Structures are given as C-alpha cells and as structure tokens.
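Visitor: Here it is: the structure, laid out below.
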Amino acid sequence: MRYAHAVETVRKAEGELMARLPDGALMQRAATGLAGVCARVLPRVYGSRVVLLIGSGDNGGDALYAGSQLARRGAAVRALLVGSRVHEAGLAALRAAGGRAVDVPRSAEIPAGSAASMEVAAADLIVDGLVGIGGSGGLRGPHASLAILAGAAEAPVVAVDLPSGIDVDTGAVEGTAVRADVTATFGTHKPGLFVNPGAAHAGVVEFVDIGLAGELPTARLECPQAGDIDALLPRPEPESTKYRRGVLGMAVGSDRFRGAAVLAAGGALRGGVGMVRYAGREAVATEVVRRWPEVVVSVLDPGDPLAGLPEGVNAWVVGPGRGVDGAAAAELESILATSAPVLLDADAVTLLGQRPRLVRDRAAPTLLTPHAGELARLLPDTSPREVEARRLEHATRAAEEYRCVVLLKGSTTVIAEPGRPAAADPTGTSLLATAGTGDVLSGLVGSLLSGGLAPREAAMCGAYLHGLAARLAHDGGPIGASDLIDALPAAIRALRAE
Ligand SMILES: NC(=O)C1=CN([C@@H]2O[C@H](COP(=O)(O)OP(=O)(O)OC[C@H]3O[C@@H](n4cnc5c(N)ncnc54)[C@H](OP(=O)(O)O)[C@@H]3O)[C@@H](O)[C@H]2O)[C@@H](O)CC1
Ligand SMILES: [K+]
C-alpha cells in the first residue's frame, strides 16, 4: 500500500522530527535521495548537463543541494533562479561544488533565445524545484514560463517532492503545472500524486525515505498495489460451494437497455461470483441467458414486479440501464429494505438524489458507484466539472452526506468511506472511457460484495481489476466493454503471478 498525507500533517510531522535532528539534516536526506533519483534517470552523471529550476522556498533548497552532489560527480549544473528569494545555503553549496546560477528576469514571459530558455532546451535533465508543499494555485509569472519551457524540452523532468503547480492535497491543476517524468517525493506520498489531473503530471513516483514514518498518523489517502489487492481478493476454498462463494442478485437492464444487463452479469461471472440471480423483464432475461447460460433468472411480472425479486442473495447490484420511473424507484426501495449489501449504480444513483434517506438511514452496507455527472446530482449546487476537477473532495463529501461508501468513477477512480482513509485506484486508463465499462464494473464489484468483502475493499479490488483488464485487453487498438469481461480472468491471474 502506498500512503499519502495532507500538507498540514506533513508539516507537523516534519516539525516534530526536525526538533530532534541537527539543523538541515532532513533537507540533506531529501537532497541525497533526490540526487540518487536524478542519477538513475541520467544515462551517466559525468559530463551531463543538469538544469535546476529554483523557486523561493525549501523545495528549491532541496534541488540546489542535490545539484551540488551531481556537480561533484562531474555534471555541469546550472541553476535558474526565479523566486523572490533563494535558499542561500543551498546556493552556496552548489557554487562550492562548481555549479553556476543564473538569475531569471521576473517578467511573466521568458523570451525564446534568452539564456534561460537556451539552457532548458540544451539540458540532459531538468530538475523542478520551483515550488513544493508551500505552493498554492497554478504557477505564476516566470515560474509558469519555465514549466512550459521544460515541457517543450527533450530532456526528462524530475520533480522535487511534487510537480510544481499541482494542488498537493487534491490533485487539482488550476493553471500551469510542471509535467514530470519522475517525481521524487519525500517522507510520505502526497494525495495530489495519486489523483488526476495531478497524478498525470507526476509521472513515475519515487519515494524517498527521510525517516518521517514514525511521526505520521493514519493516511488521508491510500493507493493499493498489486499485493494489497491480491491479499484482499476472496479465494475459493476446498469446501466452497456456489452459495458460499456468493449469490448476487442483479436488478439491472430494461427492455430499452438490455446490453447493460448482459455486461453487468458478465462482470459478475468473471469476477468470481458463486451464482448470479438476474431479475428483470422477460426479453432482457432471455438475452442474459442467451449470453450467460449459467445465470439463474427471475422473470418479473410487469403487474407485480416486486413479488418476483429473488430472496436469499448475499448482495445486490441495482441500477445500470434500469430506468428512473416509479417502478424502478419502488424496486430500489424494496431492495434497500433488505439487510443485504447493495451496490447502487447509474439510474439507481439518480433515483437516490431525490430520496437520500433511503441510503442515509440504512444500516446494511451500501456502495454507490457514480461517475462525475451522477455524483453531481447527489450534491446540491455542484457541477460535473467541479467534481472532475476535485474528485477526492467530492467523493468524500458524498460519502459523508449519504453515510455510505462512494466509488467515484473517472480519470482516477477514488473511493471514500466516512471515518476511513480514501483510496485512489492506480490502474485507471482512458481505455475505460467507453460505453458499458461502468456496467461491467458494477457486476464485478457486486460479485466481490457477494463474496464477503466490505464495500470499500470490494470497490478497491473491483476498480483495480477493471483497469488492469483494460490494459491487458489493449493490443494497440480500441477496446469495448465486452473485451474487458474477457480479460478479467487474465487480470486476476496476472495479480496472483506478481
Ligand atoms: N519542512 C521540511 O522539513 C522539509 C521540507 N522539504 C522541502 O521543502 C518544501 C517546502 O518548502 P517551503 O515550505 O519553503 O515551500 P516551497 O513550496 O518550496 O515554496 C513556497 C514559495 O513558493 C512561492 N509560490 C507559492 N505558490 C506559487 C505559485 N503558484 N507560483 C509561483 N510561486 C509560488 C512562494 O514564494 P514567493 O512568491 O513569496 O517568493 C512561496 O513562499 C517541500 O516540498 C520539500 O521539497 C524537504 O527538504 C524535507 C524537509
Ligand atoms: K517541485
């Protein structure tokens, strides 16, 4: 598991550790780790041209000390000073090691052909020490110009602690931010490194241990790795039966959206469920069984649909393609009145917006799996754009307001549960941005719920496998939701092989 802490927590932990260490010791640890990352990125240190982008704060100080270490190993190091101040001791160390510093004019534009722009273009490695955890908002003035120049240069960019310009605690990017190939982060990960758009700016994240672990409380955000997911996934045991492995009830699809039912059932079956019990109209049930003969169906009578809902299921998936009419609302209410874990997706989330109490007052485990548009409908005065830009914040808010677990789908899937650290899925990919992938996810996570996982853990495992399956299914061309289903067994195998 990778853990991330908010800025305020990092500052407090650093303060406590610093009080017990000699002056500057923490920065030296950070700088040495950073120099090591830079040395691994460069084909060779000796003779290479390293350009440091240096802002006012200690982030620049880290870069200057790391630059001094690289200069001692024979690199030609240039520091471009762009802040209103500079870390003087770091600058002195760089100069003593043979590095040079250039003052960048504080004007907003850095003209092509200026010394600074030529240095950046000719670099073998660019180190982003513009701002760290003391930054706020998108980059300003010459900081922004340097970030753009670095993005246009051929050299790899190593970000110090985080890519300058991303919001450390949320991953939001408001304006210009550095796009790094590698980020060397100190002491703990920062939430913005795991959540898009920040995560997409961070590149490969390398953790540099500066001895902070003992001072850190519970993480704000967790990012599960393959081993964590493997440890959570239910495994069939010798005495497993289809009932023990889990019976999943599915109230999904409608005459109009039959494919949603087929895809969701496929996600459940390939997710390892013991048995799927599909409940729906005859035409849909027929399609489901044609594609998946192992599904047991309950054909619902349009005159009295609630009477036909199967009993004795371990968990329910409700909503994808189901519609938002009165019958769908009554069905949702009836399923939420049971004591089984329930996953609400798509139309069921929309219905919930008008009836929040259905979930708020529910004692049994409940999981919502909205995309940004659906989540926005659950939160008053919130637009889908705002949800996309600050995913973590909005998922957390919805989980608290509805007192349940929320999996927010999208460019980074995040999972929130009141009183627990949020989780960010690392496997997400734009390959998943096609119709029907959400239906597959609902079935997959439902199967894990029916297998006994708690909603947060089922959501973490489902999101991880879903992204991994997309990557495995991808052979260069586009993929569809059905390909995801086919790739799920390979994703589970790949996890176990690691
Ligand atoms: N604490 C520790 O023990 C350790 C800390 N460590 C390191 O210190 C880093 C934190 O250092 P920090 O607190 O000095 O802040 P940091 O982010 O370098 O600079 C903030 C300054 O930048 C500016 N600025 C802000 N926003 C801006 C914007 N949008 N666009 C442009 N400029 C902007 C603003 O300056 P001003 O504009 O006022 O000149 C502000 O004052 C941390 O990330 C890690 O790398 C490690 O060595 C380990 C030990
Ligand atoms: K930085």
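A Cβ is built for glycine as well, from the same backbone N, Cα and C atoms used for every other residue.
All annotation found in TrEMBL is predicted automatically rather than curated by experts.
Quantities reported herein were computed from a predicted structural model and do not represent experimental measurements.
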Visitor: Which of D103, D124, D128 shares the K(+) site with N59, S164 per TrEMBL?
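Guide: Site partner of N59, S164 for K(+), according to TrEMBL: D128.
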Visitor: Please state which member of G436, G438, G443 TrEMBL lists alongside K409, G410, S411, T412, T413 for binding AMP.
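Guide: Of G436, G438, G443, G438 joins K409, G410, S411, T412, T413 in the AMP site that TrEMBL records.
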Visitor: Measuring Cα to Cα, how many angstrom lie between G410 (AMP binding site) and D128 (K(+) binding site)?
Guide: 28
Visitor: Out of D58, S136, D161, S164, T412, which binding-site residues lie by ligand 1, with a C-beta less than 6 Å from some atom of it?
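Guide: List returned for ligand 1: D58, S136, D161.
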Visitor: Can you give me the Cα-Cα distance between I133 ((6S)-NADPHX binding site) and T413 (AMP binding site) in Å, rounded to a whole number?
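Guide: On Cα coordinates alone, these residues lie 24 Å apart.
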Visitor: Looking only at C-alpha atoms, tell me how far T412 (AMP binding site) is from H371 ((6S)-NADPHX binding site), rounded to the nearest Å.
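Guide: About 11 Å separates the two Cα atoms.
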Visitor: Looking only at N59, S136, S164, S411, T413, the binding-site residues on record, which one has the least crowded Cβ, with the fewest other Cβ atoms within 10 Å?
Guide: S136
Visitor: With H, G and I counted as helix, E and B as strand and the rest as coil, say where DSSP puts D128 (K(+) binding site).
Guide: strand
Visitor: What residue among the binding-site residues D58, D128 has the most other CB atoms lying within 10 A of its CB?
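Guide: The residue with the densest Cβ neighbourhood is D128.
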